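Taking it in order: structure first as structure tokens, then the write-up.
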Amino acid sequence: MMLRGVHRIFKCFYDVVLVCAFVIALPKLLYKMLVYGKYKKSLAVRFGLKKPHVPGEGPLVWFHGASVGEVRLLLPVLEKFCEEFPGWRCLVTSCTELGVQVASQVFIPMGATVSILPLDFSIIIKSVVAKLRPSLVVFSEGDCWLNFIEEAKRIGATTLVINGRISIDSSKRFKFLKRLGKNYFSPVDGFLLQDEVQKQRFLSLGIPEHKLQVTGNIKTYVAAQTALHLERETWRDRLRLPTDSKLVILGSMHRSDAGKWLPVVQKLIKEGVSVLWVPRHVEKTKDVEESLHRLHIPYGLWSRGANFSYVPVVVVDEIGLLKQLYVAGDLAFVGGTFDPKIGGHNLLEPLQCEVPLIFGPHITSQSELAQRLLLSGAGLCLDEIEPIIDTVSFLLNNQEVREAYVQKGKVFVKAETASFDRTWRALKSYIPLYKNS
């Protein structure tokens, strides 16, 4: 009885915190809505006024990823799931409109339903979960919402985290909740984790060890690509790049990265190098334009048909293209790695496209992976001492060195694909109808 009372108090406290966070964020949300037109289409679903409709019969599996990266890693999982369990209905949700847009492009053709995730206020999410009644809920990387989890468990669903990870800062917050007598993750049935570092972090939160399995990082998984050289030529032709031209791709760029790279780009284009600049957030394109214009760097926008036949820098102001574009590059930088608050993005996409990888010193979001990349010689970390232009120029002028990085990257990715097989085998053991058959 006492535990039940504590639980009710905590749920009320959780809802109050969500309301406070929403109120604090409201001015920024309204600004983005009015200036960039964001959130308008998803308001009804976010507030539970319109519920996702998943047609058909049969049990429902609900996959959830916070944003683009978490959603994309679900692709091979859903492909395998639909292949082996065709009688199940699939729902994919994301917290961001960009995540929903990418998910729609990828998963709707597979027969899945895609939706924004309703807000996790108990009064909203309870009715949504009750209507959909999922049999299995799979969270990508750990974007777990308490009321969502508890309502899913209340109706008898199995809940699972795949490719699980938790940052140091997040683990500190959850440890604080643990001291208050609440284990946030206790309703989750299982955790399939990226590495031993993540396992130790979850153990420190009081998660029983029998719920934790280290299956590896499935962001490393990519289906066999047998014609990368043809894709490379196709994209380079589309970009109007001469055969002997060098292309540097700056992926997932943030303001902190721009500060480091703008003077480098100035020097590179004087040496005849082309640069593809891909902002992490498309709505920040105007900021990129202003920076390039201020330094008198000629550029064009992808959305307006820009190519390298008349400008040395092309800014990609459309979403969902970065992973495809990497294949055209001679060298790729992954952004978010010059800001400790961001800690980097997907380091593996360039390797999967057989392009040499460089990144900045702040890789806290995937530090264990970055260390393994460096130890294997499959990636190069830019430091604060040697000028970036020296490192980049050396790599561009030495094809043998670049090729060595590519070969080590191929070995690394091939070895890491075993992670998907382990994850899939473990996931199947949690599928309700499968484990009882």
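Each residue, glycine too, has its Cβ placed from N, Cα and C.
Since we're looking at a predicted model, the values are computed, not measured.
Mapped onto three states, the DSSP output places E70 (active site, proton acceptor) in helix. E70 (active site, proton acceptor): 23 other CB atoms within 10 A of its CB, across all protein chains. Taken from Swiss-Prot, the feature active site, proton acceptor covers E70, and the record attributes it to similarity to another entry.
Secondary structure at L321 (CMP binding site), as computed by DSSP, is coil. Swiss-Prot lists P279, R280, I319, G320, L321, N346, L347, L348, E349 with the feature CMP binding site, giving similarity to another entry as the kind of evidence.
The feature site 'Transition state stabilizer' is assigned by Swiss-Prot to E141 (among others), with similarity to another entry given as support. Sequence-distant contacts of E141 (site 'Transition state stabilizer'), defined as residues of its own chain at least six apart whose C-beta falls under 8 angstroms from its C-beta, comprise G65, A66, E70, L73, V161, I162, N163, G164, R165.
Other Cβ atoms within 10 Å of the Cβ of K219 (site 'Transition state stabilizer') number 24 in total over all chains. If you look up Swiss-Prot, you'll see K219 (among others) marked as site 'Transition state stabilizer', on the strength of similarity to another entry.
Taken from Swiss-Prot, the feature transmembrane segment covers 16-36, and the record attributes it to sequence analysis.
Cβ neighbour count for E349 (CMP binding site): 24 (other Cβ atoms within 10 Å of its Cβ, all protein chains included).
Its Cβ placed at the centre, I319 (CMP binding site) has 15 other Cβ atoms within 10 Å. Here E349 (CMP binding site) is positioned 9 angstrom away from K219 (site 'Transition state stabilizer'), judged by their C-alpha atoms. P279 (CMP binding site) falls within a strand segment according to DSSP.
For L347 (CMP binding site), the same-chain residues that are 6 or more apart in sequence and have a Cβ closer than 8 Å to its Cβ are V334, L357, F359, I363, Q366, L369, A370, L373, G379. The record assigns P279, R280, I319, G320, L321, N346, L347, L348, E349 to the CMP binding site, and the maximum Cα to Cα distance across that set is 18 Å. In this structure, of the binding-site residues P279, L321, the smallest number of CB atoms within 10 A of the CB marks L321.
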